[in-house]
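**Student:** I have a structure I would like to understand better, so I am pasting it below and will then ask my questions one at a time.
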Amino acid sequence: MEDLYKKFLASSGVCTDSRNVAEKCIYFALKGNSFDGNLFAEEAIKKGALYAVVDNPNIKLSERTILVEDVLTTLQKLANYHRRKLKTPIIAITGSNGKTTTKELIKSVLSEAFNVVATEGNLNNHIGVPLTILSITPEIEIAIVEMGANHPKEIEFLCSIAEPDYGYITSIGKAHLEGFGSFEGVVKAKGELYDYLKQQNKTIIFNNNDELQKKLLSDYQNVYSFGNEPEVNVFVECLGFNPVEVSFRETSVSEVLNVSEEVTDTTEIEDFSSEKIKIKSNLVGKYNFTNIAAAIAFARFFKISSEAIKRGIEKYVPKNNRSQIINQQTNTILLDAYNANPSSMSEAIMNAAEIQGFKKKILVLGDMFELGDYAAREHQNIVSLVEKNTWEKVFLVGENFFKTKSKYPKFKTFEDFQKVFALKDFSNSFILIKGSRGMALERILK
């Protein structure tokens, strides 16, 4: 590993896609269900890669190919080797909902004072986490690593690679029930992050309003909390949901902090005070209040000034189909079509029901994936929730919603739905578009 690490330090970084080879990178020939990166190793070198790491001895080898037993395992081991050479504090984030939004908010506020790197997009799995770790260079002062999972022990494994110093679980909900087996399985799997941090006596930032998380941390002292109760480190309250407006202040509990010595002092770092600061974000929904509150807590933990926190939150604008507000003609569209599970779907619907200022509200709901044996029940539960409120129109799209008992129009495929739906048919309306990634409901806008 030492020899490979020296080659890595002399390179421009790592790459895994032969179509996008960076000059002087090290190409890792990963395999998938429908591709074998070994077959493109020679091409990667011709395009400028310094070396190609391969695990197929039958391909054409050269002095610039490095033959290993398993390319993916080698990538993961190299990432952990690099992590152990780093002094950079690493924040790990996992959870059923809101991981990427929370990560981007934390990055936005911490970047006001520090040189920060964070997981690109949702590269949060057994490949994405090593790639994020290997992107950390010496000048990086804080790294944020998003960790995703749909089976037990995945978070535990990702922690063994990233070895985080700080951690946060956004929420624990009904996501990936097919892989975890039950909600209890989700709790145990997401809790693997806290298990690791406890074993290493690392700091956990947590939402004190979340009773489940309080229970998971009842026996652990090295915590930094936020919420709207007196015993928290950072008191955050919601002033409005559409858009989310908050105020925050420190409490007396915040006097004892354990901020990493590796973090550099800057002009945006200050001592704490009880001053109440108000922030107006570009996000909507009660569920995003917690995401914003978490970012504020991380910023305060790292002693970032109130003014910098306010700037960092207010300049963040959601994208990539996550809680995006789109004003189209006379309609206001909330596009939240990157992903969906029963917890996030319920929150989005309840938020839509509470939104004021619109005479007409329209729901376009797509199937929730990876629910296994729970699929029929959870989709029917969503229909029951929708029926508790009044809507101008409701459209249910996908095979699972098609099987539900519902008074609303149902469409087995997106193509069937598209035949009858057109945005131009609506005016002065609030339209929620929510569904799992595989439904790709953003196609409505095209």
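The backbone N, Cα and C atoms fix where each Cβ goes, and this holds for glycine too.
Note that TrEMBL annotation is computational and uncurated.
Feature table excerpt (TrEMBL):
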type	residues	note
BINDING	GLY95, SER96, ASN97, GLY98, LYS99, THR100, THR101	ATP binding site
DOMAIN	13-80	domain 'Mur ligase N-terminal catalytic'
DOMAIN	93-298	domain 'Mur ligase central'
DOMAIN	322-422	domain 'Mur ligase C-terminal'
**Student:** 10 Å Cβ neighbour count around LYS99 (ATP binding site)?
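**Tutor:** Within a 10 Å radius of the Cβ of LYS99 (ATP binding site) lie 23 other Cβ atoms.
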**Student:** Reduce the DSSP letter at THR100 (ATP binding site) to three states and note it down.
**Tutor:** helix
**Student:** Across the domain 'Mur ligase central' (93-298), what is the average pLDDT of the model, as a whole number?
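**Tutor:** Averaged over the domain 'Mur ligase central' (93-298), per-residue pLDDT gives 85.
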**Student:** Pull the DSSP breakdown for the domain 'Mur ligase C-terminal' (322-422) and write it out as helix, strand, coil residue counts.
**Tutor:** 37 helix, 25 strand, 39 coil
**Student:** Counting only residues 6+ apart in the same chain, whose Cβ is under 8 Å from the Cβ of GLY95 (ATP binding site)?
**Tutor:** THR102, TYR168, ILE169, THR170, SER171, ILE172, LYS190
**Student:** Please list residues from the chain of THR101 (ATP binding site) whose Cβ is under 8 angstroms from its Cβ, counting only those at least six apart in sequence.
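**Tutor:** Long-range Cβ contacts: LEU283, ASN288, ASN291, PRO318, ARG322, SER323.
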**Student:** Other than its own, how many Cβ atoms are within 10 Å of the Cβ belonging to THR100 (ATP binding site)?
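**Tutor:** Taking every protein chain into account, the count is 23.
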**Student:** Please work out the helix, strand and coil residue numbers for the domain 'Mur ligase N-terminal catalytic' (13-80) from the DSSP assignment.
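**Tutor:** Once the DSSP states are binned, the domain 'Mur ligase N-terminal catalytic' (13-80) shows 23 helix, 14 strand, 31 coil.
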**Student:** Other than GLY95, SER96, ASN97, GLY98, LYS99, THR100, THR101, which residues of the same chain sit close to ATP? List them in sequence order, counting a residue when its Cβ is within 8 Å of the Cβ centroid of the site.
**Tutor:** ILE93, THR102, THR170, SER171, ASN291
